[in-house]
């Protein structure tokens, strides 16, 4: 085929568009275009985003040579770009990269006014980020990962809105975190992942401008001594931690949505109240303004054993409960009674530990011994996720659903998300639901059975089976 008349459409594009296209390519591929012509070499010099990942170059047979090649490549890329403005710089490196090469790279992009800095630095030897990084006047987003030491004399990041710290260490522990946050006057989004503050004397997050906070640690055999969180404008919270010894100050005045996974100290799950370490009361009392709340099964356990009282959740309209075969529902009755405006109740599974202290929301005790708090519940919608996931307890799950339907007069809709690959199972459950129509506490309630695995849906109402 004669290609002599074909046009080079890419090369004929305006330089701004070509440069924009290059910014979406991995840096290794984008850099390779610089050998095509002088024009492409010029264009690459103005690519605003650099994504440099050592793993792209790794070869297990000769890691030393590959690491050296990667370091030389980064040097060439930065030299080629000169002093051109840079928007985003992402660097992912391992132990094979020399620390003395990393510092100049970071300083180079800081001097060029980078606004989005993403550093994944895994080193067996101690590595400290350059102090200039904590005095940047251009950084808007900063992400630091994988074991570096955060050491700084001064911090002032006047434009920083998003800060993500994962598996890093603070030289002065709680004092270091406090100093870092105090130097971020307009911070809005903070993620602290795998930060070992259980070993600190205290931990404090005090940021008046913060809107979103995510904290997570997987340490379960130690508990933090003291945790304070003063965030009056926070609207979203995702919090995973072991119950602290104390919570001197907690301010969630503006909180709208919270995902809480508080855990008892490992080994204390079956202890009595007098044996508990820590007390979650001051923390739980401060989340009472939320509209949407997710509670893990661990948190249900904390509410039972490590919380003096359950607050009134006047604003709560959506509540999600995670169930666990090893954890009871003792705290659930009080939680539902103290949620006077709850509209949607979601269960991630129904199987829980049988106990005579579950109150009146389940069938752990004989039916004749209980008066259901559900009879006065304002809940309009119940969603059951993972229904049928534990097939050995199907009868217990069906009885629990029946109990909900027969005792909740305000219920308008129940949706069951059935985890099954059997059409026969769906048909059987649908038939059982149909037989319950005359016993529903709510005359307007609709029950919908959905199986995504089978792309099937069955709906039952007081008028009978609507569709299948």
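Placement of Cβ uses the backbone N, Cα and C atoms for every residue, glycine included.
Predicted, not measured: the structure shown is a model, and the values here were computed from it.
Among the features that Swiss-Prot reports, domain 'F-box' is placed at 7-60.
Taken from Swiss-Prot, the feature repeat 'LRR 1' applies to 114-136. The average pLDDT for the repeat 'LRR 1' (114-136) in the predicted structure is 92.
Packing against the repeat 'LRR 2' (138-167) from elsewhere in the chain are residues 110, 113-123, 126-129, 131, 176, 179-180, 182-195: each is 6 or more residues past its ends and has a CB under 8 Å from a CB in it. What Swiss-Prot lists as repeat 'LRR 2' is 138-167.
Look at Swiss-Prot and you will find 169-194 tagged as repeat 'LRR 3'. Panel annotation: around the repeat 'LRR 3' (169-194), residues 134, 147-152, 154-163, 200-207, 209-218 of the same chain, lying at least six beyond its termini, place a Cβ under 8 Å from a Cβ of the stretch.
Listed as Cβ neighbours of the repeat 'LRR 4' (216-241) (distance under 8 Å, sequence separation of 6 or more from its ends, same chain) are residues 192-210, 247-263, 265-267, 277-278, 283, 287. Here Swiss-Prot flags 216-241 as repeat 'LRR 4'.
The repeat 'LRR 5' annotation in Swiss-Prot covers 292-323. Secondary structure of the repeat 'LRR 5' (292-323), assigned with DSSP and counted as helix (H, G, I), strand (E, B) and coil, comes to 9 helix, 9 strand, 14 coil.
Positions annotated as repeat 'LRR 6' by Swiss-Prot: 324-349.
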Which residue counts does DSSP give the repeat 'LRR 1' (114-136) for helix, strand and coil?
5 helix, 7 strand, 11 coil
